[in-house]
Amino acid sequence: MLKAMPASESSGWTLVVPVKTLVAAKTRLSEAAGPHRAALAVAIACDTVEAALSCVIVARIVVVTGDPLAAEALGGVGAHVVGDPEAGLNAALRRGAQEAVRLAPGDAVGALQADLPALRPAELALVLTAAAEFEQAFLPDAADVGTTFYGVRPGVPFTPGFGGESRDRHLRRGAKEICLDGIDSVRRDVDTPDDLRAALALGLGPRTLAMVERIRGGFPSP
């Protein structure tokens, strides 16, 4: 069980971002992205992390990955990188949360998906501010099936339930669902070409946009 300082002593949020090995990343974009798939996955993750670090109430990002190329790129944008225990997504998140508590025992800890290339820091701040009102909270993805964010107050056990129909799983476990207007960029994860087109309509981060422009034929304008 993760232990942290009381909420009143918290100085902000530490977010844990899991990043797959590039050989396994974004396989549903393979047909459209072709040989650029791995580079696109790195670009999406880097834009996500950079935007999150620009959020005024995010103190640091802990990236969990077993891929050396992804680790180098994400470390370059300011993430603290730790190795992936290779035991699944939620195990990776728990490993990152352990490191987060070690680095900053007074911070709230959250898990943020790595595939939010349109992420806006101000919208993330709205989500984190809302999440801080509850012991544990989560944000569903744009399809209302999965989860893009899960977070806990300092001192609350960190028990993420990502994967598949994780919205229902988090609800069953007692996490509070965050329901706000104006936070589309935090819900818009990208797994398919249609998802990427939807993110493009919101406004992509610079690295992802540059990659899309390189492979534009695979991603027609929205």
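Every residue, even glycine, has its Cβ placed from backbone N, Cα and C.
Per Swiss-Prot, the features are:
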{"type": "BINDING", "residues": "Thr147, Gly163, Ser166", "note": "phosphoenolpyruvate binding site"}
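Ranking the binding-site residues Thr147, Gly163, Ser166 by other CB atoms within 10 A of the CB puts Gly163 at the bottom. The phosphoenolpyruvate site is defined by Thr147, Gly163, Ser166, and by the 8 Å test on Cβ atoms against their centroid, the other residues of the chain that qualify are Gly146, Pro160, Gly161, Phe162, Gly164, Glu165, Arg167, Arg169, His170. Those residues noted as binding phosphoenolpyruvate (Thr147, Gly163, Ser166) have their most widely separated CA atoms at a distance of 8 Å.
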